[in-house]
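One structure coming up, written as structure tokens, with questions to follow.
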Amino acid sequence: MSMLDSLAAGLALVGNLEAFLALAGGIAIGVIGGAIPGMSATMAVALTLPFTFAMQPITGILLLLGVYKGGIFGGSIPAILIKTPGTPASSATVLDGYPMAERGEAGRALGMSLWASCTADLVSNLALILVAGWLASFALSFGPPEFFTLILFSLTIIAGVSGDSLLRGALSAMLGLLLATVGLDLVYGTNRFTFGDPSLMGGLNFIAVLIGLFAIPEVLAMVWHPTGHLGKARKLGHNRVTLADYRRSFVSILRGSFIGVFLGSIPGIGAAPSAFLAYSEARRKSPNRANFGKGEIEGVAAAEAGNNGVAGATLIPLLALGVPGDVITAIIIGAFMVHGLQPGPMMFIMNVDIIYGLFLGLLISSVFLLIIGSVAIRGFRYVADVPRRLLVPVVLILCIYGVYAVNNNVFDVGVMFAMGWVGFLMMRCHVPAAPFLIAFILGPLLEDNFRQAMLMSGSDPSILVRGPITWFFWALTVITVVAILRSGLKSRRDAAPSGTPDPSPRS
Amino acid sequence: MKLQRIGALGALSMIAFANVAQAEYPERPVNMVIPYGAGGATDISARLIAEPLGTAVGKPLVMANITGAGGATGSVSVQNASPDGYTMLFARVGSHTVSPAMKATLPYTLDDFRFVTVYEINPVACAVNARSDIETMDDLIAKAKSEGVSYSSSGVGTLLHIAAAMVLNEFGIEDPTTSATHIPQKGGGGAATAVLNGTADMVCTNSSTLASFVKNGQLRPLLVTTEEPIPGFDAPTAVELGKPALTQLVGWTGIAGPDDLPDEVVEKWGGWMETATSDAEFRDALTANGSIIELMSPAEAQEFIQTQYETFRGLVDKLGMRVEG
């Protein structure tokens, strides 16, 4: 079959109302699911999966992909409006999105989030269609040593999201690393810091930690000081994103999309680190660097581009190698298997019509996301106008509900509240929460890959510099660390003549 | 909670077809715990059986994934549930024979559960990277004896972990814990990927996990543990290779309740499972996955699992693989 024939066959598969409805319905489910705190994109996809068993393969898969893409965007809505990432991938969006909402610019932040998401989505889909084969073979050269160096480099993000004090950021990251060690040891299977409690054997639930760290401190702050928010110009989310905003952030969006595509095509990383990396790269390169973390629209754009850039690209290892790139695609692979489809190189020969059908469906999905997303924003942005005394209790209920629903486990709700107090104390001591989260995500990956590398080589550390990919990331890490040290020294020199550095206002 | 509601909705629609409600068990919806994540082999199997099973039970089945610690978190939640038959567990080879055999610190033992059925058997296959020069088990063993081999798994105490050790041991590697390197990954997908990208030499896991890689020519199967060959796997069976003991090495999915589950509840489940597993749609969907449907009565299931546990326990003790602390 020629390419045109395949394209026609694919078109025949998706060119019907059912497929379009599935895609649109999926995106709508995803946006709503993602927008509910605690109900992450992963869970929305998991809940939709059983319904696809009875559908045509392509319809079912498009439905799931729609939920995935919608969910990753939808997560940014509560991240911006109520400082609660709806899905882990939108944690980085909180950093600038929430300050914007506080300033009364919720509509603008949401609009930018949607545009950035759709742009990144399109880039990601095009990457999947055009360079899947090449990226997939590249992804296969990523073993534990390469992963280790990539993640080591990614830890430098911490400097980018630490705010004014690198020391406080490092402290926060260290706490995150420490808590991430709870659970079963990967290599020996022994208990670590479980104190004999079976509930701790699975480690601390990520969603519970995430919500505890971001949303609960806001609730506690409200209880602590019920009238503290009065007088702040938080209301009226009616302002919109402008073309000028988009043009100004375009480079960051594009860079974020490429970071997303790159990290998405490597199995095992996922959208959250990608969003943080895109954010910190945007901050490093932006002329408005100083404004990052205080409500910079470019920060929202970069973070959202970073996480949506992953969505299409995670299908690269899935379709080209049959390897799921993250938790969500691991669920989606189940839908393939129930229909007797086996993703991998052979699928490009045996079921080429389905592959092209998926490609076409994905391209349409970016447009659907734009339409459904704008409708959702129109509905949700009024949340910004809800008086805080009403909003905060509702948020609290949603958080408890959401965290319980992740694993049907009351223990997780306890973890959320405990982390809420930790987050509250951190907030009062001006210790930023983002480094904690990054360390909590990346710490276990770093440790596991290091130990796997050591197992591979029989504890010979030279495996960590075994090839060009590792050299590249080592070099990148060294350059970044040097740059961080230099800018740190420079700011200290600058600050020294004017006396004490100004107290960090971030909270 | 959302999960439960959707499960309930789906099952509610089935009640319409069920017989007149009876005053005896079950009077209300039954909670079904899946101790592994959505989209995994256990989850798919559970959700496929849930449809015909819900019809047979006549009350909604509320499906909930309670994940963590290799199936232990969900298993504990059923172990501690009251034995009234309203909280049941989808038990799996990893959580209920391998982990109890290997982990001293596991918060439950096999005796804490009463099995009502095993309905699915997953054949196990061992495979290496198709680009490697290992063509047969003999090649692999030769390599293990000369330079050593490594194998990947989805974690300590999983079927994949013990499978590779058992296979190596059967083929004459006296001490696979030291002469072969175990490289655990997180999740079953990662284990196959590790062989694909050269992190490990070999993986032994459910044939359904490996099927697409074998079909795509990415992995080369060396052995299947069934008595009969598996379609699509161009590899000798354990029996053909003269290692009939390896036929013990299969994955399975079953349903269990807390250990003091009353006899009448167990009996009911036996009947329901017979009805459910004869559903044509279920049979097609599950076998398309590469699984074998093999319905065991409560007594057979209990015996099957006990035998497999003792085999694994013996091996673990012999090889010193038990995880303490």
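Positions of Cβ are set from backbone N, Cα and C atoms, glycine also.
Model, not experiment: these values are computed from the prediction.
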From A:95-117, A:463-485, which range did TrEMBL mark with transmembrane segment?
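That would be A:463-485, the stretch labelled transmembrane segment in TrEMBL.
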Going along the chain, which residues at least six beyond the ends of the transmembrane segment (A:354-377) come within the CB cut-off of under 8 Å?
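Here the qualifying positions are 6-7, 9-11, 13-14, 19-20, 23-24, 27-28, 31-32, 35, 57-58, 61-62, 65-66, 69-70, 73-74, 77, 107, 110-111, 114-115, 117-118, 121-122, 125, 128-129, 312, 315, 319, 341, 347-348.
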May I ask you to check whether the transmembrane segment (A:20-49) and the transmembrane segment (A:318-342) make contact, with contact taken as at least three Cβ pairs under 8 Å and only pairs 6 or more apart in sequence counted?
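By the criterion, they touch.
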Is the transmembrane segment (A:147-163) packed against any residues at least 6 beyond its ends, judged by a Cβ distance under 8 Å, and which are they?
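Same-chain residues near the transmembrane segment (A:147-163) but 6 or more away: 92, 95, 169-170, 172-173, 266, 268-269, 273, 276-277, 279-281, 283-284, 293, 430, 432, 434-435, 438-439, 442, 445-446, 449-450, 453, 464, 469-470, 472-474, 476-477, 480-481, 484, 504, 506.
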Please tell me whether the transmembrane segment (A:200-224) and the transmembrane segment (A:318-342) touch - that is, whether there are at least 3 C-beta pairs under 8 Å between them, with each pair 6 or more apart in sequence.
no
Quick test of the contact rule: Cβ under 8 Å, at least six residues beyond the ends. What residues does that give for the transmembrane segment (A:169-188)?
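Same-chain contacts beyond the ends: 155, 158-159, 161-163, 194, 200-204, 209, 422, 426, 431-441, 443-444, 447-448, 451, 455.
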Can you give me the average pLDDT across the domain 'DUF112' (A:21-437), rounded to a whole number?
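Taking every residue in the domain 'DUF112' (A:21-437) and averaging pLDDT yields 88.
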Might you confirm whether the transmembrane segment (A:318-342) is in contact with the transmembrane segment (A:61-82), defined here as three or more C-beta pairs under 8 A between residues 6 or more apart in sequence?
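With 3 or more qualifying Cβ pairs, these stretches touch.
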Pairs 6 or more apart in sequence, C-beta under 8 angstroms, 3 or more of them: is that satisfied by the transmembrane segment (A:418-442) and the transmembrane segment (A:318-342)?
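Contact between the transmembrane segment (A:418-442) and the transmembrane segment (A:318-342): absent.
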